[in-house]
Amino acid sequence: MAKRKSHSARWLREHFRDSYVIQAKAQGYRSRAVFKLQEIDTRERLLGPGRVVIDLGAAPGGWSQWAAERVGERGRVIAMDILPMLSCPGVQFIQGDFREDNVLAELQNTLAGCVVDLVMSDMAPNMSGMAAVDQPRAIYLGELALAFAQESLGPEGSFLLKTFQGEGFDALYEVIRQDFSRVRIHKPPASRGRSREVYIVARRSRKDNGGG
């Protein structure tokens, strides 16, 4: 218990001294995670005017903020989370578990037939500090996000997933490679150095293009 308290205290000290945290507050963003998305988007050009985006595990909304800025008035950003989220300009929010039928029905009504260009997931489990517990949970969330993306994306859609290196990562990565034509792994500078988190970018789903 003392070790966990010490770890939490260290994390808090680092968090409030973090230059990305300071920048996020100064620029009006809700979390430092926005800079990870910015860095990936700069390289991959996932977001652009008129695109339709679904943001899984969106709260507190940093990714949704950036996405709304990038897609503009002609685009759409639909944020989903089991947690509440404050309203955000240019973002439609659905609170609930995206596996549940009523939530999926609300999503379909919100999309109103629009083709989804990007599904992005910044979901992570509540960390216990025990890798044997946290890693399987993280991989499971990644599998859920992938299944959602496979069902939701348009024929040339893209998928952005935060996950963690460790047991189960290679298997998840291989499944993603089988379903998308181009897959890359990113470790953006805004990720903390000792963190095992990485971001998988998968593009051009083969689902509706005759691929396997």
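Glycine is no exception: its Cβ is also placed from the backbone N, Cα and C atoms.
Swiss-Prot has this to say about the protein:
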{"type": "ACT_SITE", "residues": "Lys162", "note": "active site, proton acceptor"}
{"type": "BINDING", "residues": "Gly61, Trp63, Asp81, Asp97, Asp122", "note": "S-adenosyl-L-methionine binding site"}
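Here the features listed in Swiss-Prot are painted onto the structure.
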{"residue": "Gly61", "record": "S-adenosyl-L-methionine binding site", "Cβ neighbours (10 Å)": "25"}
{"residue": "Trp63", "record": "S-adenosyl-L-methionine binding site", "Cβ neighbours (10 Å)": "31"}
{"residue": "Asp81", "record": "S-adenosyl-L-methionine binding site", "Cβ neighbours (10 Å)": "22"}
{"residue": "Asp97", "record": "S-adenosyl-L-methionine binding site", "Cβ neighbours (10 Å)": "12"}
{"residue": "Asp122", "record": "S-adenosyl-L-methionine binding site", "Cβ neighbours (10 Å)": "23"}
{"residue": "Lys162", "record": "active site, proton acceptor", "Cβ neighbours (10 Å)": "26"}
Report summary line: What DSSP gives for Gly61 (S-adenosyl-L-methionine binding site), in three states, is coil
Query raised in the report: Taking the Cα atoms as reference points, how far is Asp97 (S-adenosyl-L-methionine binding site) from Lys162 (active site, proton acceptor) in Å?
Result: 18
**Report entry** For S-adenosyl-L-methionine, whose listed binding residues are Gly61, Trp63, Asp81, Asp97, Asp122, the greatest C-alpha pairwise distance in Å
**Finding:** 18
Query raised in the report: In which DSSP state, out of helix, strand and coil, do we find Lys162 (active site, proton acceptor)?
Result: strand
